[in-house]
Amino acid sequence: MYPAHLLVLLAVCVSLLGAASIPARPLNLYQFGNMIQCANHGRRPTWHYMDYGCYCGKGGSGTPVDELDRCCQIHDDCYGEAEKLPACNYMMSGPYYNTYSYECNEGELTCKDNNDECKAFICNCDRTAAICFARTPYNDANWNIDTKTRC
């Protein structure tokens, strides 16, 4: 084998090893973001909900700081229940990686009937949270808080 071929092979191997260490990005977060935009008619960017209070975003603990944060706590709990379903126990079928079918029609969200049990459950978790976000006031003071002292 030529030295150039070995270098190419080495580069490919290193790239694959690097890619294997990158955590998979949840697939349904994009759908959940679209549901939020549908329910609130695009009034607030989705990223505003990613670091709000004690529960909106990754993880969650303590007492929710307000009603919007409570929406996120309920959503987290709903995903926890989804993970317990036998239909959601397969690799890449849980709430963070499973995509579902839904419709948005003038702010009305509908989970479609063609979803299997796991997808239907996850879709309803996201739908309920998106509707909760849309009807609940947003307090700028609760965005990007110090969760170690406030939660």
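Cβ coordinates come from backbone N, Cα and C, glycine included.
Taken from Swiss-Prot as is:
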type     : residues                   : note
ACT_SITE : His75                      : active site
ACT_SITE : Asp126                     : active site
BINDING  : Tyr55, Gly57, Gly59, Asp76 : Ca(2+) binding site
DISULFID : Cys38-Cys104               : disulfide bond
DISULFID : Cys54-Cys151               : disulfide bond
DISULFID : Cys56-Cys72                : disulfide bond
DISULFID : Cys71-Cys132               : disulfide bond
DISULFID : Cys78-Cys125               : disulfide bond
DISULFID : Cys88-Cys118               : disulfide bond
DISULFID : Cys111-Cys123              : disulfide bond
SIGNAL   : 1-27                       : signal peptide
Self-check item: Mapped DSSP class for Cys38 (disulfide bond), helix or strand or coil
Solution: helix
Exercise. Among the disulfide-bonded residues Cys88, Cys118, Cys151, report those whose Cα falls within 10 Å of that of Asp126 (active site); none is a fine answer.
Key: none
Exercise. For the recorded Ca(2+) site, enumerate neighbouring residues of the same chain (Cβ within 8 Å of the Cβ centroid of Tyr55, Gly57, Gly59, Asp76, site residues themselves excluded), in sequence order.
Key: Cys54, Cys56, Lys58, Gly60, Ser61, Cys72, Gln73
Self-check item: Neighbouring C-beta atoms (10 Å sphere around the C-beta of Cys151 (disulfide bond))
Solution: 17
Quiz item: Do you know which of the disulfide-bonded residues Cys38, Cys104, Cys118, Cys123 has the most other C-beta atoms within 10 angstroms of its C-beta?
Solution: Cys123
Exercise. For Gly59 (Ca(2+) binding site), just count the other CB atoms lying within 10 A of its CB, please.
Key: 9
Quiz prompt | CB within-chain contacts under 8 A for Cys56 (disulfide bond), separation at least 6 | solution = Tyr49, Met50, Leu68, Asp69, Cys71, Cys72
Quiz item: Given the disulfide-bonded residues Cys111, Cys125, Cys132, which one is most crowded in terms of C-beta atoms within 10 angstroms?
Solution: Cys125
Quiz prompt | Cys78 (disulfide bond) versus recorded positions Tyr55, Gly57, Cys111, Cys123 - nearest by Cα | solution = Cys123
Exercise. Using C-alpha positions only, work out which of the recorded positions Cys38, Tyr55, Cys151 is nearest to Cys111 (disulfide bond).
Key: Cys38
Quiz item: Roughly how many angstrom lie between the C-alpha atoms of Cys118 (disulfide bond) and Gly57 (Ca(2+) binding site)?
Solution: 22
Exercise. Name the one residue among Cys88, Cys104, Cys123, Cys132 whose Cα is closest in three-dimensional space to that of Gly57 (Ca(2+) binding site); these are the disulfide-bonded residues.
Key: Cys132
